[in-house]
Amino acid sequence: MAPPMTLQQWIIWKKMNKAHEALQNTTTVTEQQKEQIILDIQNEEVQPTRRDKFRYLLYTCCATSSRVLAWMFLVCILLIIVLVSCFVTISRIQWNKDIQVLGPVIDWNVTQRAVYQPLQTRRIARSLRMQHPVPKYVEVNMTSIPQGVYYEPHPEPIVVKERVLGLSQILMINSENIANNANLTQEVKKLLTEMVNEEMQSLSDVMIDFEIPLGDPRDQEQYIHRKCYQEFANCYLVKYKEPKPWPKEGLIADQCPLPGYHAGLTYNRQSIWDYYIKVESIRPANWTTKSKYGQARLGSFYIPSSLRQINVSHVLFCSDQLYSKWYNIENTIEQNERFLLNKLNNLTSGTSVLKKRALPKDWSSQGKNALFREINVLDICSKPESVILLNTSYYSFSLWEGDCNFTKDMISQLVPECDGFYNNSKWMHMHPYACRFWRSKKNEKEETKCRDGETKRCLYYPLWDSPESTYDFGYLAYQKNFPSPICIEQQKIRDQDYEVYSLYQERKIASKAYGIDTVLFSLKNFLNYTGTPVNEMPNARAFVGLIDPKFPPSYPNVTREHYTSCNNRKRRSVDNNYAKLRSMGYALTGAVQTLSQISDINDENLQQGIYLLRDHVITLMEATLHDISVMEGMFAVQHLHTHLNHLKTMLLERRIDWTYMSSTWLQQQLQKSDDEMKVIKRIARSLVYYVKQTHSSPTATAWEIGLYYELVIPKHIYLNNWNVVNIGHLVKSAGQLTHVTIAHPYEIINKECVETIYLHLEDCTRQDYVICDVVKIVQPCGNSSDTSDCPVWAEAVKEPFVQVNPLKNGSYLVLASSTDCQIPPYVPSIVTVNETTSCFGLDFKRPLVAEERLSFEPRLPNLQLRLPHLVGIIAKIKGIKIEVTSSGESIKEQIERAKAELLRLDIHEGDTPAWIQQLAAATKDVWPAAASALQGIGNFLSGTAQGIFGTAFSLLGYLKPILIGVGVILLVILIFKIVSWIPTKKKNQ
């Protein structure tokens, strides 16, 4: 293609064209003249005018076909830009009009009833193949829900916290004390020990030890008292004036029943039976009683040498069975504890030695039985060791013939009631045991008679003989049930003026100087002086003789594991404790962090209880049990097992077993009513911070459990509550289905008396009751007050929309975008049917019982909401939410804030056909003609154009930013190219 001509060439070419056109139309000029004229034009000096230059400029711009096409392309692009700009401008104008158009009005409070008649086929009896449709009438009751909110009963009371108090309790469990209270045998004691160890070990296996900032409980006076009271409360040391043993090997105590199995009435096992010498008729040859039992008689009791040691100087006993009348077994353990402490404080003077008036007359000439009682006649049966080791004299109660020189011939003289007893029929009307001896002299001497050659099995003939079937002869005689020849003789054993020490008082004094650990260590060793701990013996048998013991014992330094000091101990770091708590999942409102709230106890309202609430509360388990002394052995163990298992279960669930905490004491300290205490006890939480075994032996065990309690003190308790269930409403506007819900400022409606209160809860936990830090009283949504307007949230949903929730009363909560069973669409309704029917593809069943109206149903103020026309589209755009309130001013404010988001549609960032169709739907109610045109364009682009271009056309939506960038670059290049065609200087050609 030839390049464009220069200006001179173009002017000459233009003149030659004009000359050629002029010469073609004339006949007067010859050919030679024409050639001459052309040559003159070519040789003529050209002087271009402005008009020539302008025309030449136009020539250069369109000199070639490519330049013409470029101009055409540029014009088309400019035309498209103009058209698109006009379209966008018109669309923006239309969007602004659509925004300002008000949409639907939501108005709840609609109640209606319908009779639904589904067709149900019924088989005719005469034709098994024929089925005929018959109408079935189903009554459907529909009640719309005000403001789209359903209220269901909230059964849990709502408790508002006033403050949180922390409280520590140390629970001590000593199986020996429990066994003594229940009078258990050694075999049952072992079972009890195993049971306690099993339950406590299982609790310890799932608990971790950590510290609380309340100090070491072992430095607390109450802990020291409880610990030592549990170990040494009834332990005493008696010092003889001069060591003297029991004078004889034998003991006559005919007032005690004999052992054995007898028909009829049986007696409880007596401790003295351990020393009974049974009468046996088969003995070795030449066997005598003296050879084995000394002066003791067969059929009586033998005192072993261990109780008759010559050099025994002290008696150590741990028993409550020698106390005088002030100690009543019918009292509770706490009452007896209080009485005992008062006695010990009054009967000691800063030392562990008891005053003389605390002792019985038999022990001291100045005794007044202030603490201990006199030993009675029957004590030898149940407490033989106490009589043998502590009595200064003994009165034998004998029914043996020959004692006191009583014989059969003298019975009539000794007992007036027996005068002439054997000479008349009086004996037929008296007791068969009356007026005779228990043991009669049958032989002149005791001897054995053997067969020839027999030395091991010979017949033995005792000096006294009588059938043992009369096992309760002496006891009945002592009760004076019949006249008998009783011989009572006094035996002087040892001198008076005993000196008695209280081990509990010794602990009280020594622990202040040496510490509780050292004192416990020394005194426990002292109780184990003979190899068997005295406090682990049965109460009635816990009496042992000691040979010159050192008392008070020495108190060596005992290294103890401190709980508060970090020096010289098995370090349990705080960080490790926190890590353990987190790993174990403890969450007692922050576990250890909550312990800092113990400072709340400094409230002035609790001044009288500060020292109690701040220190550890020490509790003995045996003091909290029922009276187990009336139970038999296994029943007492089962009773304790039930208590322990319940305690363990409660602690694992972080609850409090109030059996072991005095709620009366706590109520006095907190000054709360009974109803408030019920709530406090119900919502209180517990946390075990240590479980340890403090003593272990085959027949006894002792444990300590450290418990931390978190007590929530209520400020207010809301009852009769209703829970808010926000269902919402459906709105279809601008071709979009929208789920609209009101953001109510409350979660609970409370009805107290006649006042309805709307509550907003903050920082709540659910522990049986709902416990909240903050509860605010707010106003409901309504048109009456500008301050009560509530935001409305809109969310785009897809059609069809069906939401059916069955309610507890047998009704159904329905929200649907369509109608079925004459249930209205868009409106949330409570539907109740009287027969089973199918609606929305689901079976609606009648309630099991007739529907009952509640006495109180929350009532809300009437509320009408007018929503913007484009509320559905607003909600659909990238999840944007618009807040719409019930006042017109608020709506305008919300619309202004939403305009910026709505006008983003002008800068299209999505699928073009969908955007145009959305615009058409929004314009339909405002400008139907424009909406039809836009709908047609959108349908063409999404339908026909999609079919023509296929996937490539749809990809343009994703490649649009790239294509626009490339197009802009090409357009700039084209413009620069066209500009370069314009001559800026004279060309030589």
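Every residue gets a Cβ built from N, Cα and C, even glycine.
Listed in Swiss-Prot for this protein:
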type	residues	note
CROSSLNK	Lys14	ubiquitin cross-link
CROSSLNK	Lys15	ubiquitin cross-link
CROSSLNK	Lys18	ubiquitin cross-link
CROSSLNK	Lys34	ubiquitin cross-link
CROSSLNK	Lys53	ubiquitin cross-link
REGION	577-599	region 'Fusion peptide'
SITE	Asn25	site 'Not glycosylated'
TOPO_DOM	1-65	topological domain 'Cytoplasmic'
TOPO_DOM	89-961	topological domain 'Lumenal'
TOPO_DOM	983-989	topological domain 'Cytoplasmic'
TRANSMEM	66-88	transmembrane segment
TRANSMEM	962-982	transmembrane segment
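Where Swiss-Prot records a feature, it is marked here on the structure.
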| residue | record | Cβ within 10 Å |
| --- | --- | --- |
| Lys14 | ubiquitin cross-link | 16 |
| Lys15 | ubiquitin cross-link | 15 |
| Lys18 | ubiquitin cross-link | 11 |
| Asn25 | site 'Not glycosylated' | 6 |
| Lys34 | ubiquitin cross-link | 15 |
| Lys53 | ubiquitin cross-link | 12 |
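Under the three-state DSSP scheme, Lys34 (ubiquitin cross-link) falls in the helix class. Note on proximity: of the recorded positions Asn25, Lys34, Lys53, the one nearest Lys14 (ubiquitin cross-link) is Lys53, by Cα distance. When the Cα atoms are compared, Lys34 (ubiquitin cross-link) and Lys18 (ubiquitin cross-link) turn out to be 13 Å apart. Cα of Asn25 (site 'Not glycosylated') to Cα of Lys18 (ubiquitin cross-link): a span of 11 Å. According to DSSP, Asn25 (site 'Not glycosylated') is assigned to coil rather than to any helix or strand. A separation of roughly 18 Å, to the nearest angstrom, links the Cα atoms of Lys18 (ubiquitin cross-link) and Lys53 (ubiquitin cross-link). Spacing of Lys53 (ubiquitin cross-link) relative to Lys15 (ubiquitin cross-link) is 14 Å (Cα to Cα, whole number). Over the topological domain 'Lumenal' (89-961) the predicted model carries a mean pLDDT of 76.
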